[in-house]
Amino acid sequence: MPAITEDFRRAMGWLHSWLGVTIGVVMFAVFWMGSLTVFAPEIDRWMIPETRIVHRERAISYDRLLANLPPEAARSDYINFVVPDARRPAIGMFYRAADGEFRSLDLDPATGAPIDATDSHAGTGFVYPFHLSLTIEWRSLGYWIVGLAALSMLILLISGLFVHRKIIAEFFVFRPKRHARRATLDLHNLSSLAGLPFYFLMPFSGLLIFAFLYLPWGMAEPFGGKLKDATAAISGEYAVAKPAGRPAPLASVDAMKARAEAMWAAAEGVPVRTNLVRVFNYGDVRAAVYFRNTFPKDRVTLSEYVAVFDGVSGRVLHDFAKPPIGHASAWVQGAHFVQFGHWPLRWLYFAGGLGGCVMIATGMLFWLRKREAKLSANSPGYRLVEALTIAGTSGLIAATGAFLVANRLMPADARFVMESRADGEVLVFWLVWLGTVVHAAMLRGRAWAQQCWLIAGLAIAAFLLNAVTTGDHFVAAVGEGLWAVAGMDLVLLIAAAIAGRSAVRLSPVRPAVPMPVAMPAE
Amino acid sequence: MVADEGAALILWRIAAGFVGGYALTSGFVALLGSVLPLAGMARGEAVSLAAMLALFVYVPACLLMFATRRPLRDGALLSAGAAATIALARAI
């Protein structure tokens, strides 16, 4: 095997530095929002208090829900129900309206009635899409930017392994008392190595999840260029015919659901439950009902089974089970989504995600520290990286805090310049983030401490506002078993403490002013 | 060495690594997804396997383009490899 030459190491070092600085802010944003996405349903409960329902196992009749649909939904060709569980106690429902847009509502699991919920995108509607696409929907541009960041992450991890000569020794070295540059590099190495397998798994599985988007030609070509045929063979998707326009009653969805679960249980040998119920062409002669076990609680693998029934006759149209390689791929994707019922692992994912944030932030900081003593520290390029590093890390966290505070402060009928109250919360997020960029560009290094104070203030404000506006303060939430709310409050308090301590440490030390000494009169 | 080069050569490395690497990866997925069914594997399974292996082609292609001392030659080779895999996949 050829030895790793000094030239090769230098080339990898150059790639590691410049690729990291170029895409670091996006990577940090994806990791930060990804860490929060681990608890997206809990963020939903915190931001949409009306859905803070203690989950109870109960049989839900989808026939009854369909019989009592709101009039607009009853005319929809696409009605989707998400089966409730302990983390999502309300029945999630969304449907395609006449204008082609999707509308979503939460249904009370006990009565099936729509819940008059706070209009908020919350965790599932904003944090999660931001993690996937930065919420830039135009021509899927955001997905491509995040994909490039994930690819860059893999390149950075491998190039980083080549850059460091004594990688094992560096794992055990952290010298916080040494000068800032050394301590930053130590922390970068330590955080990189501590979560290395996790940092490989996340971008790899993330890219695999969107393989159809990122490699459409390559995946469609073996199917004669038909991407729909590829998704049908790999994911079990089923093309439902368009409505015929002739009315026909829908057969019992509950009976079809029971049959789908029985078929899956027979194949698996243990009970398998459906997580998703979808009705196509409701009330039409071409109605179809689709069931999938998207996020099983007792296994890592996603969407192992799909069953589609003819809506009128109730006969099975499509019965799909993942084949072995598809199963392996779905396992890798399931490891990314971490939707299975394993709380300690979920917290470890959260910690791993935050560790990734530390790794990325310290990498960018080290780039700055290495150059701060040189003349280039005043160059436009340096100042740009400096402002983006500050705003891309502490600024993004502050914007997230502002998003939570806006959720608790904004009146129910607030509209601003956006279409809805929920969009108003998102507008606050973007405005605060933009503000932190300007702040960082103007104040440079001093902005760190001030933005940390801002994070601490916003976290405490969110904690207090939840108590004042909902009555579910931390102690009450624990008493009522609202663990999602209590957990969010606890994380806010910890965040405030860490941000406050960081602000104190980052505040510039004022030089001691010498006391004036009276001079003897001459 | 990449650190001592002009902007044009660095841009070539980036283009060959990321764009050429993407074309090579697409070609690889299409080719593997087309060849394995000839050996009896289900087409969906072949494409699933190719998609899982795709990053084992793309990431090394990018790394190669930044590590090589002969970027023009290796970039051209990478592009030729991409063209060949795409052509083969289409021919099958």
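Any Cβ shown, glycine's included, is placed from N, Cα and C.
Bear in mind that TrEMBL entries carry predicted annotations, made automatically and left uncurated.
Range A:388-406 is the one annotated as transmembrane segment, of A:65-83, A:388-406 (source: TrEMBL). If you count C-beta pairs under 8 angstroms between the transmembrane segment (A:388-406) and each of A:18-40, A:185-215, A:426-445, A:452-469, the highest count goes to A:426-445. When each of A:141-164, A:185-215, A:426-445, A:452-469 is scored by its Cβ pairs under 8 Å to the transmembrane segment (A:347-368), the top-ranked stretch turns out to be A:185-215. When each of A:141-164, A:426-445, A:452-469 is checked for Cβ pairs under 8 Å to the transmembrane segment (A:185-215), A:141-164 comes out on top.
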